[in-house]
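Asker: Following this message is one structure expressed as structure tokens.
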Amino acid sequence: MQEESRSDCGCSCGGEGGEAGAEKRLGWHEYFMSVAHLISRRATCTRGHIGAVIVRDHNILSTGYNGAPSGLPHCNETTCRIYRSTHPDGTVEENCVNTIHAEINAIAMAAKHGVSIGEADIYITSSPCIHCLKVLINVGIKTIYYDKPYKIEHIDELLRLSGIRLVQVSPGANPTA
Ligand SMILES: [Zn+2]
Ligand SMILES: [Zn+2]
């Protein structure tokens, strides 16, 4: 038996302070948002690809992407079925009737596998629609981190009344919040 030398950490990095140690390490926000973007590549609705990651204490609890319910035909195998709805402010929104949104799928997977997600945060590649936001509030999500804005004006009032936080995060930059 012999003691490991201080500089030999057992991996290929060359030890603490080695050449590879100078590589830029991903920050937590960048890390989880990058995971959300990767997950979005599993999405099947041709209307848009969204990924969601539910996180507590830097630990991934559940993930989801938008697509048809399990076992049903996906939009990329058949076709999207679009319906229109009118928001109270008069703007018309189009959605796909086949699809479950990414954040709802992440919540569904947590429920299916018995994972508690109260007091967690969520990373989503787009800000949530008003319907998903209502569910995120009831789940007890504390902060929603998003990359691309989606009809933020529709959720302004709900954000203000609920106190849930909405923070923009790009995969390449950390927020100040
Ligand atoms: Zn679709
Ligand atoms: Zn939604």
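Including glycine, each Cβ sits where the backbone N, Cα and C put it.
The shown structure was predicted, so the numbers you read here are calculated from the model rather than taken from an experiment.
Among the features that TrEMBL reports, active site, proton donor is placed at Glu103. Residues or ranges marked as Zn(2+) binding site in TrEMBL: His101, Cys129, Cys132. Taken from TrEMBL, the feature domain 'CMP/dCMP-type deaminase' covers 27-166.
Could you tell me the structural context for the features on the list?
Answerer: Contacts of Glu103 (active site, proton donor) defined by a Cβ separation under 8 A and a same-chain sequence distance of 6+ are given as Ala52, Gly64, Ile122, Ile124, Pro128, Cys132, Val135, Leu136, in order along the sequence.
The local packing around Cys129 (Zn(2+) binding site), expressed as other Cβ atoms within 10 Å of its Cβ over all shown chains, amounts to 18.
In this model, the domain 'CMP/dCMP-type deaminase' (27-166) carries an average pLDDT of 96.
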Asker: What are the DSSP helix, strand and coil residue counts for the domain 'CMP/dCMP-type deaminase' (27-166)?
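Answerer: Looking at the domain 'CMP/dCMP-type deaminase' (27-166) with DSSP, the answer is 44 helix, 39 strand, 57 coil.
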Asker: Far apart in sequence but close in space: which same-chain residues, 6 or more away, have a Cβ under 8 Å from His101 (Zn(2+) binding site)?
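Answerer: Correct list: Ile50, Asn66, Pro128, Cys129, His131, Cys132.
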Asker: Which residues, same chain and not among His101, Cys129, Cys132, have a CB within 8 angstroms of the centroid of the CB atoms at the recorded Zn(2+) site?
Answerer: Ala102, Glu103, Ile104, Pro128, Ile130, His131, Leu133, Val135
